[in-house]
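Inspection log for the structure reproduced underneath, given as structure tokens.
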Amino acid sequence: MSSAVPLNVGITRSADSGASRADGEKRVLLAEPRGYCAGVDRAVETVEKALEKHGAPIYVRKEIVHNRHVVETLTDQGVVFVDETDEVPEGALLVFSAHGVSPAVHESAAARNLRTIDATCPLVTKVHQEAKRFARDDFDILLIGHEGHEEVEGTAGEAPDHVQLVDGPDSVDAVTVRDESKVIWLSQTTLSVDETMQTVARLRERFPNLQDPPSDDICYATQNRQVAVKAMAPECDLVIVVGSRNSSNSVRLVEVALGAGAKASYLVDYAREVDPAWLDGVRTVGITSGASVPEILVRGVIDLLDEHGFHDVQPVTTANETLVFALPRELRAART
Ligand code: 2E7
Ligand code: F3S
């Protein structure tokens with residue numbers, strides 16, 4: 001994980017943070033970066049542009065990103081979310097979600113004559129290519145990730161005969177390989193950096209020749225959001241993470257906040273889910289959001305806290321993100 005930013009480096013605060021604060025005054029620390037990553041921005045815009053260009057209904061396999069508000073908003077605009085390709089009428093337009101799909105899914109869409117647009121995040125496609133390459137070289141590929149997550153199913157599906165899933169440090173003992181000199185680990189893009197390093201250390205105890213991925217599989221956005229929440233957590237009585245329960249990277253932010261010293265941390269989809277009892281005796285509330293979360297939902301939480309006397313909002317900035325991905329080829333001309 002060579003590109004992870006060291007924890008206590010590069011943290012900037014708003015000009016008059018802390019120092020001007022009267023003791024006992026309530027404050028909010030706002031993690032930066034938070035919210036949409038480049039892959040989510042691209043995936044959501046892909047669906048919006050596809051709707052504009054082709055009209056409703058268009059179909060999306062699985063949730064385009066794991067966020068309730070995004071999925072409900074697009075549903076209202078005429079998007080039909082399905083679990084599998086066989087639910088899509090022959091010849092219709094189907095978008096593949098940001099989490100990626102296996103070659104078998106591409107094949108079943110082609111067999112139904114579906115027109116497809118692939119909104120897979122380019123950083124997931126990169127991991128698929130790594131899986132294909134190491135399978136071609138006949139490596140055993142140990143894919144660290146969460147069982148049942150769509151991204152893991154897509155990546156494993158690139159080379160099912162070569163990939164074994166390793167779901168955290170406790171799964172390491174069950175791993176067996178054919179040739180200990182040809183073993184590599186790859187990972188899901190949204191894991192906890194620290195837990196993944198523990199899993200890798202355990203794997204390396206068993207397989208000293210274990211190879212690392214050619215570049216980080218845990219993506220820049222996952223790493224940056226974890227670094228930011230770690231920077232603010234020790235000062236927080238409470239960290240509110242905005243995100244949905246099925247959003248892996250959002251759930252990881254709650255775990256990272258608690259691991260880094262936040263006294264409490266909760267995941268909420270909407271401000272209305274914040275229980276006022278959580279604020280009893282609390283002076284410092286941290287706020288962050290997962291990579292699939294629109295900023296308007298964070299605004300809702302900030303406004304709610306304002307109503308409870310938390311008027312002072314201070315950014316805690318650990319990185320600046322500028323990455324933008326081009327839209328899928330089919331829609332490139334449509335970007336404004
Ligand atoms: C695609 C990928 O949609 P998310 O909540 O997804 P996770 O994987 O965290 O459940 O977040 C954006 C995203 C992250 N990773 C989309 Cl592969
Ligand atoms: Fe891609 Fe990472 Fe976002 S894999 S979709 S940039 S969380």
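The backbone N, Cα and C atoms fix where each Cβ goes, and this holds for glycine too.
As annotated by TrEMBL, [4Fe-4S] cluster binding site applies to Cys37, Cys121, Cys219. On its own chain, Cys121 ([4Fe-4S] cluster binding site) has Cys37, Ala38, Gly39, Val40, Arg42, Ala43, Ala98, His99, Gly100, Thr189, Cys219, Phe325 as residues at least 6 apart in sequence with a Cβ closer than 8 Å to its own Cβ. Classification of Cys121 ([4Fe-4S] cluster binding site) by DSSP places it in coil, neither helical nor stranded.
There are 27 other CB atoms within 10 A of the CB of Asn249 (isopentenyl diphosphate binding site), with all protein chains counted. Annotated isopentenyl diphosphate binding site per TrEMBL: His66, His99, His149, Ser247, Ser248, Asn249, Ser292, in sequence order.
In the three-state DSSP reading, His99 (isopentenyl diphosphate binding site) counts as coil. Look at TrEMBL and you will find His66, His99, His149, Ser247, Ser248, Asn249, Ser292 tagged as dimethylallyl diphosphate binding site.
Under the heading (2E)-4-hydroxy-3-methylbut-2-enyl diphosphate binding site, TrEMBL lists His66, His99, His149, Thr189, Ser247, Ser248, Asn249, Ser292.
Within 10 Å of the Cβ of Glu151 (active site, proton donor) there are 25 other Cβ atoms, across all protein chains. Look at TrEMBL and you will find Glu151 tagged as active site, proton donor.
Only Cys121, Glu151, of the recorded positions Cys121, Glu151, Cys219, place a Cβ under 6 Å from an atom of ligand 1.
In three-state terms derived from DSSP, His66 (isopentenyl diphosphate binding site) belongs to neither a helical nor a strand segment and is classed as coil. Considering only the residues assigned to (2E)-4-hydroxy-3-methylbut-2-enyl diphosphate binding, His66, His99, His149, Thr189, Ser247, Ser248, Asn249, Ser292, the longest pairwise Cα distance works out to 15 Å.
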